[in-house]
Amino acid sequence: MGRGLLRGLWPLHIVLWTRIASTIPPHVPKSVNSDVMASDNGGAVKLPQLCKFCDVRLSTCDNQKSCMSNCSITAICEKPHEVCVAVWRKNDKNITLETVCHDPKLTYHGFTLEDAASPKCVMKEKKRAGETFFMCACNMEECNDYIIFSEEYTTSSPDLLLVIIQVTGVSLLPPLGIAIAVIIIFYCYRVHRQQKLSPSWESSKPRKLMDFSDNCAIILEDDRSDISSTCANNINHNTELLPIELDTLVGKGRFAEVYKAKLKQNTSEQFETVAVKIFPYEEYSSWKTEKDIFSDINLKHENILQFLTAEERKTELGKQYWLITAFHAKGNLQEYLTRHVISWEDLRKLGSSLARGIAHLHSDHTPCGRPKMPIVHRDLKSSNILVKNDLTCCLCDFGLSLRLDPTLSVDDLANSGQVGTARYMAPEVLESRMNLENVESFKQTDVYSMALVLWEMTSRCNAVGEVKDYEPPFGSKVREHPCVESMKDSVLRDRGRPEIPSFWLNHQGIQIVCETLTECWDHDPEARLTAQCVAERFSELEHPERLSGRSCSQEKIPEDGSLNTTK
């Protein structure tokens with residue numbers, strides 16, 4: 001049917017396109033893109049105009065009909081609101097043509113730019129002593145390249161417009177008919193399929209752990225977040241700042257302070273609670289790094305802190321840089337473990353969500369299959385992990401993170417430096433011997449740090465029996481804020497790792513967790529598990545019958561139940 005319709009309409013297409021060709025003027029300025037682009041939060045941002053910019057030069061153009069500027073230089077205007085201008089002058093000696101950018105609010109050669117909003121550069125004669133003077137202004141890309149002196153070139157033929165409408169309508173008929181037919185068929189199929197599905201079958205259908213569609217839904221909307229998804233993952237490009245009222249200081253780090261704040265809604269009584277991370281002027285680079293990480297729409301994940309916007313603010317204390325994110329009342333993981341003893345179910349949820357967040361960070365694609373830039377955190381620790389209301393983790397504080405761009409050279413990676421918190425640094429980071437030829441080595445350092453955080457969780461789980469007060473990894477073996485040299489002694493010289501008491505292994509699930517974290521803090525980076533493998537291990541913990549057939553690692557726990565914690 002579609003082919004027959006196209007064959008029948010083909011002669012009409014030829015006639016209509018012939019009519020269009022006969023109505024086109026000798027020269028039509030090239031079409032341009034719009035000079036605005038949509039911002040992430042729905043506003044519009046004015047882009048600087050592209051104009052011919054050759055100042056004053058000799059010209060062979062006369063003031064009859066139209067001509068080209070013959071200017072070979074295209075410039076980006078300095079200010080977004082500037083327009084393109086052309087000035088044609090003739091005196092007793094020569095003819096000159098001038099093409100520039102100019103602010104339409106200001107006069108040029110003593111004349112106002114009356115036609116600054118015009119899409120074409122239509123010359124208008126101005127009175128000047130001793131010379132013939134024409135000037136035009138226009139607001140389209142390179143519109144001052146085509147100079148028009150005659151009014152007959154400034155408007156399109158009514159016949160041309162009519163013919164274009166006719167040929168467009170005829171051209172769209174076949175695909176429009178096919179599209180409508182496909183929609184009707186798909187709708188009928190869905191209705192028929194839903195009628196066949198029994199409600200009882202739907203309710204008894206077992207829910208999968210997490211399939212492809214579940215992961216895609218997480219990217220579209222995170223219902224478990226403490227902030228409405230309509231605000232999420234936007235950059236505030238508008239000059240008007242968000243109506244935010246700072247409340248209380250809830251955290252302070254090396255680079256910034258974190259405040260609980262109120263984001264006011266349409267009425268003064270309504271607000272949403274948000275977190276505002278404020279960087280001083282001196283820490284611009286940390287703010288920019290974190291802003292650039294958050295700006296990647298593919299970063300969005302249920303176990304990554306939900307981002308709202310980034311702003312630059314001027315205060316009485318000077319210039320500040322803000323990151324505005326979701327607020328999580330339970331605080332960071334270190335604070336939560338200090339205050340609470342957790343159950344086995346809590347440990348499984350916290351550990352699983354932590355591994356999923358890191359796996360997403362490290363991945364080169366989203367759960368939906370879209371390409372994504374892999375990112376390494378480089379400062380993973382319990383104080384940089386937040387606890388959500390449903391007792392799952394989300395990663396935060398990306399000020400030291402690194403995007404593993406394939407265009408980065410070995411020198412670029414080497415210049416990224418020895419960063420992180422000494423207590424959580426992997427052995428190869430402590431002694432600066434990372435394999436810069438392989439970007440996977442950066443991910444392996446995150447996995448080591450993750451193992452220490454998993455140990456912290458396990459040490460506060462009541463499933464292991466006696467639960468001691470919270471201690472960070474390596475506890476009293478090092479001072480409260482150890483330096484790199486003291487951690488070298490413990491981790492490199494002594495090959496020390498946090499202690500795993502034998503009674504922890506009496507619980508089957510804890511035994512698997514201990515085996516997993518031991519493989520993750522292996523001294524050899526290449527022997528460590530990946531974050532994705534750890535996430536799969538935790539998923540298997542929901543199904544004890546699967547534990548004997550793990551695919552990530554075939555290594556079994558020794559029969560005596562002991563684990564080597566000093567690899």
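For all residues, glycine too, the Cβ spot is worked out from N, Cα and C.
For reference, Swiss-Prot has these:
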- 1-23: signal peptide (SIGNAL)
- 24-166: topological domain 'Extracellular' (TOPO_DOM)
- Cys51-Cys84: disulfide bond (DISULFID)
- Cys54-Cys71: disulfide bond (DISULFID)
- Cys61-Cys67: disulfide bond (DISULFID)
- Asn70: N-linked glycosylation site (CARBOHYD)
- Cys77-Cys101: disulfide bond (DISULFID)
- Asn94: N-linked glycosylation site (CARBOHYD)
- Cys121-Cys136: disulfide bond (DISULFID)
- Cys138-Cys143: disulfide bond (DISULFID)
- 167-187: transmembrane segment (TRANSMEM)
- 188-567: topological domain 'Cytoplasmic' (TOPO_DOM)
- 244-546: domain 'Protein kinase' (DOMAIN)
- Val250, Gly251, Lys252, Gly253, Arg254, Phe255, Ala256, Glu257, Val258, Lys277: ATP binding site (BINDING)
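Each residue in the topological domain 'Cytoplasmic' (188-567) has a pLDDT score, and their mean in this model is 83.
Residues Val250, Gly251, Lys252, Gly253, Arg254, Phe255, Ala256, Glu257, Val258, Lys277 are listed as the ATP binders, and the farthest two of them sit 14 Å apart at their Cα atoms. For the recorded positions Cys84, Val250, the ranking by surrounding Cβ atoms (within 10 Å, all protein chains) places Cys84 first.
Of the listed disulfide-bonded residues Cys121, Cys136, the Cβ environment within 10 Å is emptiest of other Cβ atoms at Cys136. Calculated from their C-alpha atoms, the gap between Cys101 (disulfide bond) and Ala256 (ATP binding site) amounts to 42 Å.
On its own chain, Cys51 (disulfide bond) has Thr74, Ala75, Cys77, Glu82, Val83, Cys84, Val85, Thr99, Val100, Cys101, Glu141, Glu142, Cys143, Asn144 as residues at least 6 apart in sequence with a Cβ closer than 8 Å to its own Cβ. Residues within less than 8 Å, Cβ to Cβ, of Cys67 (disulfide bond) and separated from it by at least 6 positions along the same chain comprise Cys61, Ile147, Phe149. Taking Cys121 (disulfide bond) as the reference point, the recorded positions whose C-alpha atoms are within 10 Å of its C-alpha, out of Asn94, Cys138, Arg254, are Cys138. For Asn70 (N-linked glycosylation site), the nearest neighbour among the listed binding-site residues (Val250, Arg254, Ala256), judged by C-alpha distance, is Ala256.
Note: the Cα of Arg254 (ATP binding site) and the Cα of Asn94 (N-linked glycosylation site) are spaced 67 Å from each other. The separation of Ala256 (ATP binding site) from Cys136 (disulfide bond), Cα to Cα, is 52 Å. In sequence order, Leu58 make up the list of same-chain residues 6 or more apart from Asn94 (N-linked glycosylation site) whose Cβ falls under 8 Å from its Cβ. Cys143 (disulfide bond) has a Cβ environment of 28 other Cβ atoms inside 10 Å. The Cα atom of Cys71 (disulfide bond) lies nearest to that of Ala256, taking the binding-site residues Val250, Ala256, Val258 as the candidates. All chains included, 19 other C-beta atoms sit within 10 angstroms of the C-beta of Cys54 (disulfide bond).
The sparsest Cβ neighbourhood within 10 Å, among the listed recorded positions (Cys71, Cys77, Lys252, Val258), is found at Lys252.
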